[in-house]
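Visitor: This is the structure I want to talk about, given as structure tokens.
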Amino acid sequence: MPELLNPAPVAHLRHLLRAHSPLVHCMTNDVVQTFTANVLLAVGASPAMVIDPREAAQFAAIADALLINVGTLTEDRAVAMRAAVEHARQAGKPWTLDPVAVGALTVRTAFCHELLALQPAAIRGNASEILALAGMSAGGRGVDTTDTAAAALPAAQALARRLATVVAVTGEVDYVTDGERVLSVAGGNPLMTRVVGTGCALSAVVAASAALPGDRLENVAAACGLMKQAGAIAARQGGPGSFIPAFLDALYQEVQG
């Protein structure tokens with residue numbers, strides 16, 4: 001039975017982000033790079049977008065955490081991502097997988113399954129992506145989910161147990177599990193789905209949280225809670241055009257205020 005996330009882990013995550021300011025190596029998609037960087041800065045982390053295959057592996061060992069987001073995957077980018085993950089592992093740095101549109105497209109599906117053998121510290125995806133990654137579904141409609149997070153929870157638990165990782169399946173309610181414990185995170189606002197990049201940016205905050213000390217399950221769930229709280233505040237502006245700056249302001253005020 002999922003346990004509702006209480007406010008204490010979110011408050012603790014705010015403190016940890018301020019205290020540690022983790023450097024997050026974001027190998028993310030072209031559509032969301034600026035927004036992702038701004039979200040990380042707003043929560044007190046430090047972003048870097050190093051993608052060249054000649055540099056990515058070296059930087060992965062320097063950063064505190066690595067994010068792999070396959071949204072705009074290319075052959076060269078896959079080479080760089082694979083090398084970065086391998087070097088992050090060798091350096092003992094946690095890496096997070098965002099399996100964008102897995103199941104819907106064959107190349108990225110095969111690539112993400114290959115990366116699973118390299119032990120991600122956390123996985124963050126929508127319901128259809130998590131179901132596909134666990135081998136329980138063919139995937140959603142491109143980057144959009146066709147399933148509910150609750151329906152994908154058994155797949156998330158199975159994936160977490162198999163890989164000894166933390167899996168966050170996000171939607172109207174987010175579920176975060178290590179295979180045994182399950183935390184549910186309510187809140188947010190539907191406007192979060194009407195702008196590009198909130199899920200991808202969440203994955204970056206998850207990556208940052210995975211690098212922090214303490215209970216990784218609670219840290220990842222708190223990252224989801226932090227984003228949902230900011231989304232609910234920003235939605236008071238009334239539309240997607242004003243949502244993004246209000247969202248960044250809300251995140252900053254939550255963590256730094």
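For all residues, glycine too, the Cβ spot is worked out from N, Cα and C.
In case it's useful when we look at the structure, here is the feature table from Swiss-Prot:
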type: BINDING; residues: Met49, Gly197; note: substrate binding site
type: BINDING; residues: Arg124, Thr170; note: ATP binding site
Visitor: Ten-angstrom check, please: count other Cβ atoms within 10 Å of the Cβ of Thr170 (ATP binding site), all chains counted.
Guide: 28
Visitor: For Thr170 (ATP binding site), what is the secondary structure state per DSSP, taken as helix, strand or coil?
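Guide: Assignment for Thr170 (ATP binding site) reads strand.
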Visitor: Starting from each candidate's C-beta and looking 10 angstroms out, tell me which of the binding-site residues Met49, Arg124, Gly197 has the most other C-beta atoms.
Guide: Arg124
Visitor: How many whole Å apart are the CA atoms of Gly197 (substrate binding site) and Arg124 (ATP binding site)?
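Guide: If we compare the Cα positions of Gly197 (substrate binding site) and Arg124 (ATP binding site), the gap is 13 Å.
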Visitor: Cα distance, Met49 (substrate binding site) to Thr170 (ATP binding site), nearest Å?
Guide: 24
Visitor: For Met49 (substrate binding site), name the DSSP secondary structure in the helix/strand/coil scheme.
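Guide: Going by the DSSP assignment, Met49 (substrate binding site) belongs to neither helix nor strand, so it counts as coil.
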Visitor: For Arg124 (ATP binding site) and Met49 (substrate binding site), what Cα-Cα distance in Å is obtained after rounding to a whole number?
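Guide: Spelling it out, the Cα of Arg124 (ATP binding site) and the Cα of Met49 (substrate binding site) are 19 Å apart.
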